[in-house]
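S.K.: Structure below; questions to follow.
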Amino acid sequence: MFLTKLAWGLAVLLLASGLVTWIAANWENWGHVAKFALAQGAVLISAGLALLFRRRSGGWGHDLGVPAALTGLAAVATGGLLALIGQTYQTGADPWQLFALWTVLIIPWVFTVRSVFLSVLWLVLINTAFYLWIDVARLDWFGRSYTSQTLLALAVNALLLLAAETIWRARHDPWRIVPRVVAIAVGFFIGAQVMEGNFLLGLALFLALYGVYRYRRPDLLIMSLASFGAYGSLSMLIIEYAGDAFLLIVVVIVGLGLGLLRFLQQQVVHWRRTHGSEAAATQASVNAAMASSPAASTAQILANAQASVQADAQDSDEHHPWYLRVIKLFLYLLLPLIILLYLAVSLDLSLEALGVLGGIMALVSPVLFAKAQTVSSRDLVGGWVACAVLLLSVPVVDMRYPWPHEVSAMIAVVISTLLYRLAKGQFVLRMLLVIWALAAIEFLVIERLFDRWAMMPYWVLEMPAAFMFFAALLLGHLYLRGERKPHFWLPLFWSLLLASQIHLVLAGTLFYSMPFWDESRPYLTVAGFLLAMAPLAILAFYWRGWRDQPLVYGIALLGLAALCAVWTPYPPVALALSWILVAYAWRYLSLLAVAVAMGLFCLWRLYYILNISLLDKAELLLATGVGCLVFAYLGQLGRNKVVADAPVQAAPKGILASVLLGAVLVLGVANVAIVQKERILSDGQTVLLELAPVDPRSLMQGDYMSLNFALSQNLSALSWGLPKDALAKMDAQQWVVVAVQLDENKVAQLKGVYLEQDGQERLWSEEGPVAEPSDVMRLRMRRHRSNWTPGTDAWFFAEGSADRFDAARYGEFAVVEGGQSLLRAMLDKDRKEIK
């Protein structure tokens, strides 16, 4: 069942990514009608299949259930459809209105299906809309526009957080993902207040958030987030008012950081003593959701929770949650850096002296480890070691040591190995030491084999990643498969895992352009092939019950082999898939969560970085998505009859109608928008707007051209000459209507702006209120950041055709009565359309 759910999840993810990528490619060989038909068909088919498969495994009650997953695909396709409309009718690059409308249209699905994916998607959309709106709008409540807007966004997210904790919850959310995502959004906008200089307000809000989740709705993650935010706010406040007292700043911030770390550790101990049974119940619920898995019993989970409490009592951080480890790692990097800056600036120490000081600190570290017996003392020693590592690394970066770089790398490995063994109960410190040793080998040995990174063949970049991946896999197979994970090897395992994935993602490419070919071809290596085929070997090795379900086994192997073969030129995807399978086989839920996150990051990297066209990416994603969909369906059919005939929970009342209503709403709104815009294009009067001079190097941004019209600059110049009361009225508006006059070439010339005076609309020019000429026409301008634009700030074009539009000098608009406009085409200096 796990493989079937995994196939459904991969199918939905790949199809959604492929649809978005295909729309972004703006393929000019397809007409508008065909594009709209495909995008609307994706919404309709996804919603229809969700209704058709409503009795399939999982039902509506779980995110990996077929109906819930397909409804999520329909929601993503809705955004693709809206983006296609904006792209076709040139309404601007990523306007906040697109995300706001997307948020509204999927409400029927979000609040009835109530899956975690849909809920998180909706929260991301509403906050994206707020973020983009803050970037372009002006809301002046307290004399500071940005503060007013972020306060409004904070208030909305606070209400959403209240709703998520009371009346709006996902049907199956044992990890409390939805309220935690909202709480992170709340923390983000509180942090925006701090960055604006409102330190006391930010501190008070973070403390209030901590109090709510400490006493009213206990949640350790949100408590840790609020505590860390309060630490940051207080630190910024001290820096603001301490002036030039650098030593005081260093002492206070370092002391507060150590105090925060100790405080959070005490919170973890208290939490596990008072909420251990709840955590065990949550873990059991998650294991039950992973159907047919060799899940641990509740008794085993309770035993592990008790072991965690005992470990905490014995001054160990090896059972601390991941977010506390992240905070601790951040402090281990930040606090030594502050100390280093103080030593370098105040004491004027040379880099060589800093290196010697770091060496002395490293030599003393074993003695300090032997003396440290409490959590606080171990943390102090950990910070001491982190500072020593940083001091030792500074002269290496500047090439100040008299010996070869290979010797420096060997010293780093020896010191890391020794301190790793001594740092008992220090997961974060051990992980930091492993990363330091790996970085030393990478940058001081491998990089020195070549003069520059750009000269490295791709197979060289793959080799270290392949070695670290297989080393982590072997280490995990030997030591991490049981319920009790040996703490000595865990930091090494996680360091190797993350280093291999990051190494491939940052250095990876999907197609390599061979110098003697005119086109890009797949560039395969032995290491890349082994990495890509690793998921197939893992599935074959760990599937012990294949004799009971030979048909499912054959379908799974065949489907996985096909998927790995297609993705062979891009190994990071295969690595993420490998760790998903391994996590299931090892019963390691933390690894499963990290693997899913790595997969999502790989797809993001694929969209933005790789050196093939968006259309090729879309074809790759859509093809593999359809393949996963087929194999998921075949796997569903081939499952054991006892499992296949298991009863499925009936759909909640009203959910079928809401899914159908949502699809009708989406398609209805989309088609109404299409009809309206087509009417403007057909009936609108042609108006040319001259482009203002811009820097050609910053003109192109991706696959659209950023537009700056001379009319916009003239309107801004006109506003500066208006009286204060007229200027205030204009600044308070998001839209204004201007009067333009067309010359013999239909190029618009600004004649004034319409503003109210004494309850009547008047035309204002540089001379003040003037009579309206008979031959002017109205044009609506909307505020965009500190400027005004005629409805759009970008011109979208097909991928690969950017050079054609370097010659653009005019934008041709269709303008209807009332001033509404759409951009039709871009014209060159002779006013000829650029095709």
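Cβ coordinates come from backbone N, Cα and C, glycine included.
Unlike curated entries, TrEMBL annotations are predicted automatically.
Relevant sequence annotations retrieved from TrEMBL are reproduced here:
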- 7-27: transmembrane segment (TRANSMEM)
- 8-116: domain 'DUF2157' (DOMAIN)
- 33-53: transmembrane segment (TRANSMEM)
- 146-163: transmembrane segment (TRANSMEM)
- 197-213: transmembrane segment (TRANSMEM)
- 245-264: transmembrane segment (TRANSMEM)
- 321-635: domain 'DUF4401' (DOMAIN)
- 329-347: transmembrane segment (TRANSMEM)
- 458-480: transmembrane segment (TRANSMEM)
- 523-543: transmembrane segment (TRANSMEM)
- 550-568: transmembrane segment (TRANSMEM)
- 588-606: transmembrane segment (TRANSMEM)
- 618-635: transmembrane segment (TRANSMEM)
- 655-675: transmembrane segment (TRANSMEM)
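In the displayed structure, how are the listed features positioned relative to their neighbours?
M.R.: Mean pLDDT for the domain 'DUF2157' (8-116) in this predicted model: 84.
Tertiary proximity for the transmembrane segment (33-53) is limited to same-chain residues at least six positions away from its ends with a CB under 8 Å from its CB atoms, namely 19, 23, 27, 66-68, 70-71, 73-74, 77-78, 80-81, 84-85, 88, 656, 659-660, 662-663, 666-667, 670-671, 674.
Sequence-distant contacts of the transmembrane segment (197-213) (same chain, at least 6 residues past either end, Cβ-Cβ under 8 Å): 147, 154, 183, 186-187, 190-191, 219, 222-223, 225-227, 229-230, 233-234, 236-237, 240.
Note on the transmembrane segment (245-264): residues 224, 227-228, 231, 234-235, 238-239, 324, 327-328, 331, 334-335, 338-339, 342, 345-346, 375-376, 379-380, 383 of its chain, located 6 or more positions outside it, place their CB under 8 angstroms from a CB of the stretch.
Long-range neighbours of the transmembrane segment (618-635) within the same chain, counting only residues 6 or more positions beyond its ends whose Cβ lies under 8 Å from a Cβ of the stretch, are 3-4, 7-8, 10-15, 17-19, 21-22, 25, 552, 555-556, 558-559, 562-563, 566-567, 603, 606.
Sequence-distant contacts of the transmembrane segment (655-675) (same chain, six or more residues past either end, CB-CB distance under 8 Å): 36, 40, 43-44, 47-48, 50-51, 54, 60, 71, 74, 78, 81-82, 85, 101, 105-109, 111-113.
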S.K.: What are the DSSP helix/strand/coil residue counts across the domain 'DUF2157' (8-116)?
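M.R.: The counts are 80 helix, 0 strand, 29 coil.
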S.K.: Apart from its near flanks, which chain residues at least 6 from the ends of the transmembrane segment (329-347) lie with a Cβ under 8 angstroms of it?
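M.R.: Residues 246-247, 250, 253-254, 257-258, 260-261, 354, 357, 382-383, 386-387, 389-391, 394, 428-429, 431-432.
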